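Take this structure, written in structure tokens, and hold onto it; I'll ask about it next.
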């Protein structure tokens, strides 16, 4: 009788399915695309017409035909009820090559493959051939994640490194990141992550059946990246005490995080913040085959009550206060976009979808956000699933400033354009930044932008979404602004309507603000009226966390300025390193504020400036040609930028395809302004474009970073 002795995987399978970067030793294929098997028979070969081969594929702990997690199909049965198909390629005396194809809607995950041989003699024999992994297929036009651009597929599925943009809206810096989605064991960890979700633990049969939907899978992964509801990958923390874990600024890649989560029995890794959550989610989604990119939104709104207004409160010194509503404007916030069809929405709302794994607000009872259609956000369609109102507020809420004095709140001004700036992602097959703000909203100040804002507001009112508050104040106002900008350029002053504004204030830095040096700046006061003006201006400085949370003020000053008609004056200011060094957060953000008032007017003038202190970056040199399986020397040059000794210095270096694991070098003590270098040895094990990422931390700073792109040639 015909009986398969062995089965051989075609060496072309993983290459044709774009999974050879993960492994060539095990079968990893994508749905909607055929893969080949060669069956070897003993006694005699397979005889079509006399013998029949019946294939059985199963996934999950409770495979079920009705749920689609079990399929039974045979060779060339055109009218088979199963969406899985198989056909004969070649047939020899002792071997038979067959092709199998999963439907483009099949559940992703680990499958068991069995066959039954039904011979002409009437006997039926069953064999278990082994396991394979099925992934989403952005190369298949019938797959919901199909992306019709090969350069985009290479960037958003296959690229295993990138940049996450941080800083402030006018001082944007790229942070290199090792996604490492094809590194050893990462695919297994990603599948384990699905099995650890609350959905699987509650109803594993239904959960596995729904894994064919990228909408469903993306929500599951989004919830599992944070650990607020389950044993997810990361614990979030937004404070300055990370002694029982890693400071989020120290991470340079996802691989170490995912492997630590797996090695500790799925205990959440400490700690992450928004860019870490988004980077790890990018790794998991790209590994599963869903095109994904990391997005940074500068001046990102966090509207807790759904009224599309971010309320900020100040005291009479210009110091920003915490508030009971917890509304904040994050200096930057990072999330993901994933590419998928949205058959659950009206036509036209597929494509890029926002997913935000940072645990901010609950969605259907769990901490996740999205997928929310980017087009729906731009058009103000906030009634479309999922979590579109919250994402809309992150990019297009208005900002209301209030003065708190004597237990009373006085409205200072409303700003319609300060939220959602320079929305950024890495360019396709380039290290440049791509500004995609126009994907999220119409141009600030345009009629279309205000019309969309009001449409979104009306939809939220109609649904009573969290209730609207201060409704009368939500009407569009003039182009007033709460000024905020970078250390590199002059910012727009805080303005009121022209019939009110007679004096303007703005800050100007005199030198680039480098860590360890004094910060020198001036307050510019301009009298635009034909009358004398006597001003009292309260100035203050305080550190900020990147989520907008203020720390205590560490510098205050009061200026009395008399201005003749049409006169401009400058008031010099200096904050010494000794004044700010003990108060600086890891984010290196300082907000300087000025609240001015005239003796003859009750009007207040508020102006802010956010300063991001900069470090010198790490320099990485590759010494010689990089060739697969050949030794390679890498020089890392670093320095202590401070005029004081730093201790507990640790250098970490990693890079997918270059290092098998993250390298840690304990440097100990670095003297003031000391510059040094070390040589690291490695053996590249993957060819193509690669990136080295490095970070140095100490007791005084946590995230001096550097990177170097390397092209690795095949061995000769």
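Note that Cβ sites are derived from N, Cα and C of the backbone, with glycine treated the same way.
Below are the features listed in TrEMBL for this protein:
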DOMAIN    266-359  domain 'Transglutaminase-like'
ACT_SITE  274  active site
ACT_SITE  333  active site
ACT_SITE  356  active site
BINDING   396, 398, 444, 449  Ca(2+) binding site
REGION    466-495  region 'Disordered'
COMPBIAS  477-492  compositional bias 'Polar residues'
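Structural setting of the listed features?
Per-residue confidence over the domain 'Transglutaminase-like' (266-359) averages 93 (mean pLDDT, predicted model).
A sphere of 10 angstroms centred on the C-beta of residue 274 (active site) encloses 27 other C-beta atoms.
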Compare the C-alpha of residue 396 (Ca(2+) binding site) with the C-alpha of each of the active-site residues 274, 333, 356, and give the closest one.
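Checked the active-site residues 274, 333, 356; minimum Cα distance to residue 396 (Ca(2+) binding site) goes to 333.
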List, in sequence order, the residues of the same chain other than 396, 398, 444, 449 whose Cβ lies within 8 Å of the centroid of the Cβ atoms of the recorded Ca(2+) site.
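Filtered neighbour residues, in order: 397, 416, 417, 419, 420, 441, 450, 453.
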Using all protein chains in view, find how many other C-beta atoms are within 10 Å of the C-beta of residue 398 (Ca(2+) binding site).
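The answer is 25.
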Using residue 333 (active site) as the reference point, find which of the binding-site residues 398, 444, 449 has the shortest Cα-to-Cα distance to it.
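That would be 398, nearest by Cα distance.
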Tell me, how many other CB atoms lie within 10 A of the CB of residue 449 (Ca(2+) binding site), whichever protein chain they belong to?
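That number is 19.
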Report, in whole Å, the straight Cα-to-Cα distance of residue 444 (Ca(2+) binding site) from residue 274 (active site).
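Distance (Cα to Cα, whole Å): 26 Å.
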Out of 333, 356, 396, 444, which of these recorded positions shows the lowest number of other CB atoms within 10 Å of its CB?
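Candidates: the recorded positions 333, 356, 396, 444. Fewest Cβ atoms within 10 Å: 444.
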